[in-house]
Amino acid sequence: MADVNDTAFRPGTFLLVGIPGLEKFHLWISLPFFSMYIFALLGNLVLLFTIVREQSLHEPMYLFLSALTVADLLLSTTTVPRMLAIFWFRVRDISLGACIAQAFLIHFIFVAESAILVAMAFDRYVAICNPLRYVTLLTHSVIWRLELAAVVRSLCIVLPIFQLLLRLSYCRNRVIPHSYCEHMAVARLACTSIKVNVVYGLTVVLLSAGIDVVFIAVSYGLILRAVFQLPSAGARRKAMSTCTSHLCIIFLFYTPAFFSFFTHRFGGHSIPHHIHILLACLYVVVPPMLNPIIYGVNNKQIRETVMSMLSWMGSRRN
């Protein structure tokens with residue numbers, strides 16, 4: 001007689017564990033996550049409000065940055081409140097539909113954000129390598145089309161994940177050893193073969209994010225070549241300062257994402273499971289928290305605009 005865990009059925013709900021093996025520390029773990037989430041919300045909302053309100057910031061670089069800010073807000077808000085509900089109130093139940101929707105949104109935002117980073121790299125390439133055509137090439141209509149293309153591409157790539165998860169028959173085991181619903185974490189609960197899910201998930205990373213990284217690397221290779229050919233040291237410093245923030249964000253975005261993806265599929269038992277889950281949780285909150293800080297500190301125009309807004313608000317109160 002087959003084991004009860006091997007009996008296929010359609011579950012009404014799944015159970016999210018949180019961080020496996022660290023359940024007794026969930027309350028303490030929640031404190032930095034809550035703090036980082038609040039900082040991420042405030043930082044991104046302030047940055048977005050600043051770009052929308054200040055006419056001088058309605059330039060291609062800042063319009064792409066506003067799209068990145070929206071993506072960061074969506075990514076953190078899609079995952080962190082559910083994590084905090086697990087950590088604080090032990091609300092672990094999540095319906096099948098809500099779980100698949102969360103997995104879809106996480107992957108959709110990742111692919112869209114990757115495309116936005118490519119657009120930002122192209123923006124810096126044109127600004128530094130072909131500055132005379134910058135205004136004519138990157139008009140507002142072109143920017144909106146690029147951002148729409150990022151959304152459409154993300155939908156086309158990630159929509160099959162929704163169908164792949166729905167076609168599976170799941171076992172009696174409803175426990176997801178994670179803090180949020182992720183494609184392969186859900187698929188591993190299936191009784192049927194998940195080979196298609198594994199292959200498609202790997203293909204998505206290699207053909208979307210992987211190609212994006214290649215385009216970004218090529219863009220910055222050309223940018224660095226152009227920067228080192230500038231006649232003055234001051235011009236070189238100014239050009240590099242505009243790229244430093246973007247490079248930091250690229251590093252923060254891709255490094256934990258690729259680490260989490262490849263260790264989840266190929267890491268085996270070399271990395272403790274709770275470490276993997278903890279890093280995956282940090283991925284959805286740390287980059288959204290740091291991105292506004294990086295741009296606020298390194299970008300003089302944003303920094304001065306925010307300070308003038310704060311000064312204006314202070315004078316209004318007085």
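Heads up, the Cβ atoms here are built off N, Cα and C, so glycines get one too.
TrEMBL lists 25-49, 61-88, 94-122, 142-166, 198-223, 244-263, 275-297 with the feature transmembrane segment. Annotated domain 'G-protein coupled receptors family 1 profile' per TrEMBL: 43-295, in sequence order.
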_Long-range environment of the transmembrane segment (244-263) - Cβ separation under 8 angstroms, sequence gap at least 6_ = 68, 110, 113-114, 117, 120-121, 124, 205, 209, 213, 216, 220, 270-271, 276, 279-280, 282-283, 286-287, 290-291, 294-295, 298-299
*Take the transmembrane segment (198-223) and find every residue of the same chain, 6 or more past its ends, with a Cβ under 8 Å from one of its Cβ atoms.*
107, 110-111, 114-115, 117-118, 121-122, 124-125, 128-129, 153, 157-158, 160-161, 164, 183-184, 187, 239, 243, 247, 250, 254, 257-258, 261, 265
